[in-house]
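Feature annotations, courtesy of TrEMBL:
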- 61-226: domain 'Glycosyltransferase RgtA/B/C/D-like' (DOMAIN)
- 81-102: transmembrane segment (TRANSMEM)
- 118-136: transmembrane segment (TRANSMEM)
- 142-161: transmembrane segment (TRANSMEM)
- 173-200: transmembrane segment (TRANSMEM)
- 206-229: transmembrane segment (TRANSMEM)
- 241-263: transmembrane segment (TRANSMEM)
- 275-297: transmembrane segment (TRANSMEM)
- 304-321: transmembrane segment (TRANSMEM)
- 333-357: transmembrane segment (TRANSMEM)
- 378-397: transmembrane segment (TRANSMEM)
């Protein structure tokens, strides 16, 4: 038993990373959903330079992630696993960077970790097993890549601020490099970038803030022509697509409340909703209580992590009053700072109990036997098991997986009737069944005339298309409906029911 404990103590960090990697492989081959299929079809359809010149002007994201995926898929192919593996690796890399942030630079934060690296360990654990991070580490999108770049930039920011060298070092230039890379990967990283500048100003590092801003502006000028075209396109879509602003994320109380709930319990949701909100809300409250308790121990890192957790979100809220983008998954890079903050709070319990009032009698004897370190460890394990539990709900229960376009495509392969859908949402169908040529649901009144047609109503409500009224007006009746996870299709027949 002692040998097992000693083995775990010696290899606990490696075991943590190994387990985190292995659980990310669970159901990694589940069906791609719309946005992931867009990634796949983009890199399959367009060449490296065509991504910038032909695809990106009609998209709403910068091109760096797609360019990387073009190189990646040329080597590893276009399977679900191949498409998602970069996100797995980026999330694992972010965990490593978090450990380096806390382990290498601990003196700056008023907590020496050379003899006790528990803060670094718990930060990594809370990040790698955060249910929202696990969900998006299995998604072929740019969010894990962005989080990785932001974590590295934060690492070099701290390295530069902790160095005693007054001249500009490689840490400063590398910090700015990864700030630029994060923006070229995902525009919403600008809220973190602006927070870095604000932090430098508050620390009276005015010349560093202005120099960093100037470097970023020079890089920004290179992407301005593309960004202007994309911005004009996004404003046009807001006008043409009836409910597009709801997809982007308006500033509403619901969207704001989803941040702490999803940051602690992940992407999943279930019925009855009252039970879900009770469980997810209770867990969120427990995590919040731990963090608030940790504030009683003042440390430089606690203040810094809190600053970088709150300020980007405030900036995002203010920006969303003009251009809606307030959805929690776009800010998942904030989980880097939430994980650090939570780990600091958990490890602060040893200090809190160590400074507690000494009691007499049996209580004092119990307190002596249960060390403060053990208390912190118990709380840390409980938090980690909670994160693992929420993650396992997603991983092992298929009803929480992504839309099952793979199964839908298998069914539609044998369908002889013409298929109508929103063509801008047809990438999953193109990925799984390229032989099917879907028709535009928007033009169904013009293209109609077939005795039997198939309707995939996916995103029709977002586009404000009342296809049912159109079909009924043209003499069709709803014959039958079929559904798979997250999706459905309908058969309509011309004539009387």
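A Cβ is built for glycine as well, from the same backbone N, Cα and C atoms used for every other residue.
Residues 260-261, 263-265, 269, 341-342, 344-346, 348-349, 351-352, 379, 383, 386, 390 of the same chain sit 6 or more residues outside the transmembrane segment (275-297) yet have a Cβ under 8 Å from a Cβ within it.
The stretch from 81-102, 118-136, 173-200, 378-397 that makes the most Cβ contacts under 8 Å with the transmembrane segment (241-263) is 118-136. Averaged across the domain 'Glycosyltransferase RgtA/B/C/D-like' (61-226), pLDDT for the predicted model comes to 91. Here the listed stretches are 81-102, 118-136, 173-200, and the one with the most C-beta pairs under 8 angstroms to the transmembrane segment (378-397) is 118-136. Within the same chain, the transmembrane segment (118-136) packs against the transmembrane segment (81-102): three or more Cβ pairs sit under 8 Å, each pair at least 6 residues apart.
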